[in-house]
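The feature compositional bias 'Acidic residues' is assigned by TrEMBL to 396-433. TrEMBL lists 385-442 with the feature region 'Disordered'. Positions annotated as repeat 'ANK' by TrEMBL: 19-51, 52-84.
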Amino acid sequence: MLEQVLSDTPDILTKRSIYDYTILHLACLVDDVELVKHLLSIGALVEMANAEGDTPLHVAVKSGAWSSAELLVNKGCQVNVKNNLGRTPLLLALGKAADAPNEVIRFSKSLLSRGADVRVETNDKLWWHEIFRHSGSHREDLSELYEILFAAGGAHVIDLFDYGELTPLIDAVLAKDVPLISFLEKVGARCDVVSNSGWNLLHWVSDYGDSQCCQLAEGLEISCIDIRTTDNDGFTPLKSFRWVVNRYRYCGASDFHERSKWGLSWRNVHQDNPGEELVSPEKSIAFEHLLRSIRDRMLVQEIEELEVVISKIHALDLSSARGMLKAVAAAKVKAKIYHEAETFRAIDLDVREGRLELAVESIEEFIGASRDRMLVSPFDEEVDPYNWSPSNSEGLDGESTAEIETDDEDGADQGSLEENDNLESLEAGDSEDDGWKTAEED
């Protein structure tokens, strides 16, 4: 009967259905293995795409027609071809990992053996994001797939952002995907990457994570993020968290129904009380613990480095001491803590000009201040600009809350402006002495 249909319809291999499918597309859609075999044997076009850019291989993978997909791959079809959304067959397969892990692992191996490229980007996200953004993906049996993809070149894209400025690690923390978090941590995914808008992992957890997200982030034992780092709008992670709390408290929970605006999802919101998980007492406690652990771990590490600097100064190993001081200053600039960068710039000048006792005294004073910081909660270190009431409208130093908020929103804080003005001068010294001259040398 099939032979009769083919002889009566000579253009059957290229003829399209009302949905723009060829007969090979349709055979793959229903996983009719025998028909797929026959069509391939008589010259069906394996690369012909429909209006969505899907080849028969795309359709087979989308439908979970793994046997048909294997036939197409063995026939030699292109394995890195993208559809209109930028999806390759491998990316589509990864999206089904939760539902059919064994089939996806086997098929991924087949694609990789024929040159599938795991570094291919889609139009909106990468395959690390694709693999677990589907319900039920938090499974230990996907660890083999992670290992296969990482070994095939996934290390090159392990820290890249998707269109929403999320790295795979940030996305995994917000999704509370413990197996993937463990894998990404094991292979060295960075915790300190910063998006174009200036957000790091802490900003994301502060705005969109619940208490469990905070605990998972704390488990990463981060020591490379300064909790005082601001985004492009001048918000630290703590200020961002307080803004969300204030918005929820004074504008009402109904505002949190605007999911497209707030970015809320099933991960971090209750249907009966939207936004509650983001501002709950449990979240506040967990977020305070997270900030404290990161701050204290970073300060301990920094103190140890500065004590080494002091020992090098005492040993008159001034070149090494200055190198370490410049590294500390550069880290402060990167974290936008410009006043501390200026401090270490001044200490370096003291060392350079032979004022060694003064340099050591300044370092010891800084170490003492750092130890004092560890005695205070991060919530008490940073002024809360939203902590006001109609009966108490006076802020710190008698300044009204309205004035404080106006200064903050308009960017009129003089200290912040001065710090930003110093950024170029702090980043200027690429050579040993550039940007570090004394007044006498000028």
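The backbone N, Cα and C atoms fix where each Cβ goes, glycine too.
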* To do: Tally the residues of the repeat 'ANK' (19-51) by DSSP class, grouping H, G and I as helix, E and B as strand, and everything else as coil.
  => 16 helix, 0 strand, 17 coil
* By Cβ distance under 8 Å, which residues at least 6 away from the ends of the repeat 'ANK' (52-84) in the same chain are close to it? -> 20-22, 24-25, 27-33, 36-37, 40, 44, 46, 90, 92-93, 96, 99-100, 103, 106-107, 110-111, 114-117, 120, 122
* **Per-region confidence, the repeat 'ANK' (52-84) (mean pLDDT, whole number)** => 95
* **DSSP-derived helix, strand and coil totals, residue by residue, for the repeat 'ANK' (52-84)** => 17 helix, 0 strand, 16 coil
